[in-house]
Amino acid sequence: MSDLTSPSITAVRDLREASCGPIGAPAVTSDLSENVILTSLDDLHNWARLSSLWPLLYGTACCFIEFAALLGSRFDFDRFGLVPRSSPRQADLLIVAGTVTMKMAPALVRLYEQMPEPKYVIAMGACTITGGMFSADSTTAVRGVDKLIPVDLYMPGCPPRPEAIFDAVIKLRKKVGDESLAERRKHVQTHRYFTVSHQMKRVEEQVTGSYLRAETQKAALAAAPAGQTLATDAAVLTPALEAVES
């Protein structure tokens, strides 16, 4: 029979008495280091924007029906701080859901231009991204909305599920959180909209195609420039039976 005064039982009793007692009031400190939160202007600005995205819903086909399911209580669309707006001047997120035709293209571009900066675009569904099934034989469907306006996030599917829309919103929030106020100067006007000016650098070609112009692989090895290493095994140095067309 175990001893009732063992240290383990005593510790359990002390813990029970301490947990059943009244909770003491936390000590309020006046130390400045414990009452100040240090952050940057970029983090504060991005936190305010990513927590209150106001989307403009541009639905033209069946993908918009899946988006309408988010407005119900099952998926709780409002928990991300998204407030649908009916005016492009009050929105900073444009969600294009459905097929875009040549006739609707000017209206879509006009809505995008009326949105204030900074603004973002989500392409929802296969018809919005590539034209979908209408791109095969239709002469009026736009083969990708990115030919009209810049797209920040592509959401494939026919149609995408409501969970995919949540995933797209979360990824867009991460993108907004990584932005900097200093990078706004990189946005320049190209064509009819503002986008990031990509600085492309031309690099040296790695595949020159000399092996296609040589009659044999031995000739290609002899014609190789100085410093370029080629395979020198027996299979490579065997002359080809047929001449390679240039």
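Think of each number as a place in line: the chain as shown, counted from 1.
Backbone N, Cα and C define each Cβ position, glycine as well.
Taken verbatim from Swiss-Prot:
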- Cys62, Cys63, Cys127, Cys158: [4Fe-4S] cluster binding site (BINDING)
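Sequence features, as recorded in Swiss-Prot, placed on the structure.
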residue	record	Cβ within 10 Å
Cys62	[4Fe-4S] cluster binding site	14
Cys63	[4Fe-4S] cluster binding site	27
Cys127	[4Fe-4S] cluster binding site	27
Cys158	[4Fe-4S] cluster binding site	11
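Each residue in Ala61, Ala97, Gly98, Thr99, Met124, Gly125, Ala126, Thr128, Gly132, Gly157, Pro159 lies on the same chain as Cys62, Cys63, Cys127, Cys158 and has a C-beta within 8 Å of the C-beta centroid of that [4Fe-4S] cluster site, without being one of the site residues. In the three-state DSSP scheme, Cys127 ([4Fe-4S] cluster binding site) falls into the helix class. Mapped onto three states, the DSSP output places Cys63 ([4Fe-4S] cluster binding site) in helix.
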